[in-house]
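This report refers to the structure that appears directly beneath it.
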Amino acid sequence: MPNALSRKALKTCGSRFCSMLESHVAETTTHVAEPTRRDFLYIATGAAAVVGGATLVWPFVQSLAPDAATVAAGAPVEVDLTPIAEGQIVKVFWRGKLIFIRHRTAEEIKAAEDVNVASLRDPQPDSARVKEGKAQWLIVYGNCTHLGCVPLGQQGEYHGWFCPCHGSVFDTSGRVRGGPAPINLPIPPYTFASDTKIIIGQEATA
Amino acid sequence: MSQHPTTYVPKSAFGKWFESRLPLAGLIHSSFIAFPVPRNLTYFWTFGAILAFMLVAQIVTGVFLAMYYTPNAAMAFQSVEHIMRDVEFGWLLRYLHANGASMFFVAVYVHIFRNFYYGSYKAPREVLYILGVIIFLLMMATAFMGYVLPWGQMSFWGATVITNLFSAIPVVGDTIVSYLWGGYSVGNPTLNRFFSLHYLLPFMIAGVVALHIWALHVPGQNNPTGIPIKSGKDAVPFTPYATIKDIFAVVVFMLFFAYWVFYMPNYLGHADNYIPANPAVTPAHIVPEWYFLPFYAILRAIPDKLGGVIAMGAAIVIWCFMPWLDTSKVRSTAYRPLYKQFFWLFVVVCFLLGWLGSRPAEGWYVIASQICTAYYFAHFLIVLPVLGFVERPLPLPNSILESVMGVQKVGAGVPAGANAEPSSKG
Amino acid sequence: MMKRTLLIAAAVLGLSAPAFAAGETPVPPQLKWSFQGPFGTFDRAQLQRGFKVYREVCSSCHGLSYVAFRNLSQPGGPEFSEAQVKALAAEYKIQDGPNEAGDMFERPGRPADHFPAPFPNENAAASANGGKAPPDLSLMPKARTYERGFPWFVTDVFRQYSENGADYLVALLHGYEEAPAGFQVPEGGHYNHYFPGHVIAMPKPLSDGQVEYPKNEAGQPQAPETVEQYAKDVTAFLTWTAEPHLEARKRLGFQVMLFLLVLSGLLYFTKKKVWAKVGGEVEGHATPPMTHNP
């Protein structure tokens, strides 16, 4: 058992000379697998530790997501349109976001439709921003697309909205017509449950 | 030994540039890589690393919990339930944090009793040791205030009982208590300030831990023989030898920790704390968390309000005087046959006090608590000073290496370069 | 000195046993639960039956305030369908508001709503129930327990016995009996074998056949319609309301333990390899006295 003996000798051996000796022993005894096995152990341990550490991060990151109560509270909301008079803008909230419901007058609708769409910064015809046959109801998110301030209704050059923060101007279709805002006020998902009731947060199912 | 000027030389140009301005890498290298560690340390010496891990774990889970917790008397209980039910992995974060407190104390008690057994508190490590006592006191304060935060019955009544301890102080006691409360009883202002302090103190602990480690690196670690490192043969470099051992121990400790978190998450708590705080009803018997029980038993053993409070405080403060109360020249209890018996007797008494602290304060329990309390103090005030004079310690080995390898081997085949071995591999 | 302390210790331990025996409150029997042990899961049918018991019996006095209707369809619970939950929620009237006129109003419940409390506030609950407000049940099995005593509190850790609250509740629910001769039950109180002090404000809530259980194919109820079964089912349901992520917890726990075992095994061998470079690990100290001259 010379092999076992030399290995035992190695056990009590820590100098550089010994590690040289070790590789020598490894070669001469055709134990090529020996260093490989050691490397494998280090790699496996390191890999397991890295995988474990990375997995440990997961629940912490995941805990930052909207929690179940918040998600449940974000269910669609119903809004009754009957109390909203012509020319009036009503503010409602869905998922904590401000939404304008604007009951447009005939002139306001006309002003919104009589626009050369191609000349707009964010070209969109008025018909694409309201539901078919419900042109009097404009429903848009109530935060300026520039940096999120709340624009003032019935103000500005086009009597749509005017943002007091940085001077963005929107028309009666909620489209950007001036100032720094890059795009039109976006339209939230909503559907008409009846002529006088909308459900915000729910798209019409065709 | 006491000073190890770093031999670290940065390799890259940026490394050199940075090192000449802030020698951080050199500090890390000399403290956690090249630092000589006695080669005969047992697993009892891994609890420092385990405690460092627990402190980080508590801070991280706590920071995430604080994102959902509401420190308001009307909403605190509900916000904890919200974390448990609705927040993604909220139950895991909370159970990790709540059981983590217990695990922290398990580890710190092992650490403390290791220090008692091997005489680590003796010169030249007195400052290191007293910093440790300060950390323990900060831990107790943090844990106590943390337990108040869920605002359950035990939170509320625990806070009431413990803050009322301060009313025992003559003259100014009542004023102090009302300042602690921010009112005329434990209420919303109390909860709010406890949350603030519970968030602050862990960072103070981290600061004192830094000092504790600094103070450790001046004299170096004690070891099971209690005799200092005399030559390079007695030591190995911290990395990789102590590092890998510490990591292994931390992972094994995580296994223990995980068992509680996933299978017995409420065992170490109190059922009463799942009942919202109610100032009109006191739970049948108020018991602190298990890690406070021995001190609670000492508090109740003294049939006098002020006396009980003083005894409880003294039970910890007395630790600070151990380096001077212990008159023995020998550090390690391994070479102190008589003290060894008293040490284990002391351990038994501490366990007994813990158990008695969980019992109602009546009948035999009170008498047993009083006997144990008396012995607890006698251990420090009588046993430690007297034994140093009467005990005949066993002969000490000449070196660490001789102790662990046996004398014959020291003379023969042990490599000369054990310490000089470069840390070539991870 | 040591002997004396040990004697005292023994005396203290010995004395504690009769103290428990004289503690008057009997120990509830330990039951078999589907959710106990490291792989425990809830029995969906049992949770659904338990919910029926809660709804038809308990809910008239006891709230379930931390539970939302939506929870009833989440994984790991009774797992009602979302449509069932929606319909169930709509049967409840939930107070909402204020509306534009500043008035509170009632509307049908939605899955996101929590179970409405049976009384508008604590005082109303107390005055309607002889001065003692019926406690909320959401956390009951975690909020109740019974004294285990030495050495059982140690063995419980290894057995993973954490159903003491559930066992106590079942025992309590069928612990109503005639007060023994000479025991004075105060007015408004009821004698219960398992309640600490034996006098409980709640009258016997369950009786055989009180709640109709769903029928199986043979037309028989899927579980016996007895007080014992009702008590078990409603307790199982409440165990879920107290710990809605119990299944996820135990499942994740097994994965974590397995991973940590593998990692600690790998680390152990890695550590051995590392230390082999300096002649292997040597720990502690030789058993004294040292032999200086071998």
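Residue 1 is the first one shown; counting continues down the chain.
Backbone N, Cα and C atoms are what each Cβ position is placed from, and that goes for glycine too.
Straight from TrEMBL, the features:
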DOMAIN    B:14-225  domain 'Cytochrome b/b6 N-terminal region profile'
TRANSMEM  B:43-70  transmembrane segment
TRANSMEM  B:91-112  transmembrane segment
BINDING   B:H97, B:H198  heme b b562 binding site
BINDING   B:H111, B:H212  heme b b566 binding site
TRANSMEM  B:127-149  transmembrane segment
TRANSMEM  B:161-182  transmembrane segment
TRANSMEM  B:194-217  transmembrane segment
BINDING   B:H217  ubiquinone binding site
DOMAIN    B:228-398  domain 'Cytochrome b/b6 C-terminal region profile'
TRANSMEM  B:238-262  transmembrane segment
TRANSMEM  B:306-325  transmembrane segment
TRANSMEM  B:337-357  transmembrane segment
TRANSMEM  B:363-390  transmembrane segment
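Locations of recorded TrEMBL features on the structure.
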residue: B:H97; record: heme b b562 binding site; DSSP (3 states): helix
residue: B:H111; record: heme b b566 binding site; DSSP (3 states): helix
residue: B:H198; record: heme b b562 binding site; DSSP (3 states): helix
residue: B:H212; record: heme b b566 binding site; DSSP (3 states): helix
residue: B:H217; record: ubiquinone binding site; DSSP (3 states): helix
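Only residues 6 or more beyond the boundaries of the transmembrane segment (B:43-70), in the same chain, are considered here, and those with a CB under 8 A from a CB of the stretch are 76, 78-80, 82-83, 87, 90, 93-94, 96-97, 100-101, 103-104, 107-108, 110-111, 114, 118, 149, 195, 199, 202-203, 205-206, 209, 216, 221, 223, 245-250, 253.
Calculated from their C-alpha atoms, the gap between B:H198 (heme b b562 binding site) and B:H212 (heme b b566 binding site) amounts to 21 Å.
Between the transmembrane segment (B:363-390) and the transmembrane segment (B:306-325), the number of CB pairs under 8 angstroms, six or more residues apart, is three or more, so the stretches are in contact. Summarising the environment of B:H97 (heme b b562 binding site), the number of other Cβ atoms within 10 Å of its Cβ, over all protein chains shown, is 20. Cα-Cα distance from B:H111 (heme b b566 binding site) to the residue listed as 'ubiquinone binding site': 17 Å (rounded to the nearest whole number). Against the transmembrane segment (B:91-112), stretch B:127-149 shows more Cβ pairs under 8 Å than any other of B:127-149, B:161-182, B:306-325. Each residue contributes its Cα atom, and for B:H97 (heme b b562 binding site) and B:H212 (heme b b566 binding site) those atoms are 24 Å apart.
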